[in-house]
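Summarising the annotation, TrEMBL assigns active site, nucleophile to ASP8. Positions annotated as Mg(2+) binding site by TrEMBL: ASP8, ASP10, ASP179. Taken from TrEMBL, the feature active site, proton donor covers ASP10. Annotation source TrEMBL lists substrate binding site at ASP19, ASP99.
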Amino acid sequence: MKILLVFDFDNTIIDDNSDTWIVQCAPDKKLPIELQDSYQKGFWTEFMGRVFKYLGDEGVRENEMKRAVTSIPFTQGMVELFNFIRKNKDKFDCIIISDSNSVFIDWVLEAANFLDIFAEVFTNPAAFDSNGHLTVENYHAHSCNRCPKNLCKNVVLVEFVEKQLQQGVNYTQIVYIGDGGNDVCPVTFLKKNDVAMPRKGYTLQKTLSRMSQNLEPMESSIVVWSSGVEIISHLQFLIKE
């Protein structure tokens with residue numbers, strides 16, 4: 001009987017946003033105003049597609065982007081957390097559900113030798129085309145009106161848990177580790193035995209705290225963290241129970 005650990009990527013595993021970090025590869029480390037202004041709420045992936053095209057047109061190559069992305073620091077204590085998980089592989093399954101893209105996440109995990117920690121990574125698929133431009137697509141289509149149109153993390157999580165159940169894997173509980181507004185949807189569907197772990201001072205934590213003040217029901221327990229070391233402490237407590 002394992003515990004399922006669900007991780008967000010940007011501002012959770014890494015201590016920044018990979019999509020905004022990549023802008024440092026642009027000329028003068030900024031995007032043209034008209035490109036910045038082209039973003040529409042809920043259509044971030046399409047916006048990043050235009051950013052990647054602009055970088056490619058400006059001659060920014062794959063190795064340069066990879067160097068930038070792999071220089072993003074891990075959030076404090078994450079390396080220790082992953083080493084702890086690796087030592088306790090029999091107790092945990094880990095997945096990532098992220099609104100970043102498959103290329104960036106692979107680069108970061110591979111460079112730090114953490115690819116083996118994760119059973120699955122659910123994110124927007126990306127690839128370099130024949131011109132050397134990075135292209136990105138929406139992860140899926142869904143009908144949830146709370147989430148950006150390219151990704152509802154709750155739909156992904158529910159589908160994964162059901163698929164595992166069909167293969168005979170039943171998780172004792174889910175621990176959801178995230179920071180952002182798009183982590184609110186999956187967290188509100190967690191059950192009584194599950195644990196929501198929002199990063200202190202970030203949107204998810206602020207939203208959950210506002211919801212509890214409004215007495216909006218939440219079944220799961222909430223444990224706030226600032227460092228991966230605090231997550232280790234809570235996981236140690238859970239596996240001792």
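The backbone N, Cα and C atoms fix where each Cβ goes, glycine too.
Keep in mind that this is a model prediction, so the values were computed, not measured.
Ranking the recorded positions ASP8, ASP10, ASP179 by the distance of their Cα atoms from the Cα of ASP19 (substrate binding site) places ASP10 first. Comparing ASP8 (active site, nucleophile) with ASP179 (Mg(2+) binding site), their Cα atoms are 7 Å apart once rounded. ASP99 (substrate binding site) sits 12 Å from ASP179 (Mg(2+) binding site), taking the Cα positions as reference. For ASP99 (substrate binding site), the count of additional Cβ atoms within 10 Å of its Cβ stands at 23 [all protein chains shown]. Apart from ASP8, ASP10, ASP179, the residues listed for Mg(2+), the same chain places the Cβ atoms of PHE9, ASN11, THR12, ILE13, ASN17, SER98, GLY178, GLY180, ASP183, ARG199, TYR202 within 8 Å of the centroid of those Cβ atoms. Taking the Cβ of ASP10 (Mg(2+) binding site) as centre and 10 Å as the limit, one finds 22 other Cβ atoms among all the protein chains shown.
Its own atom aside, the Cβ of ASP8 (active site, nucleophile) has 26 Cβ atoms within 10 angstroms in the protein chains shown.
When each of the binding-site residues ASP19, ASP179 is scored by how many other Cβ atoms sit within 10 Å of its Cβ, ASP19 comes out lowest.
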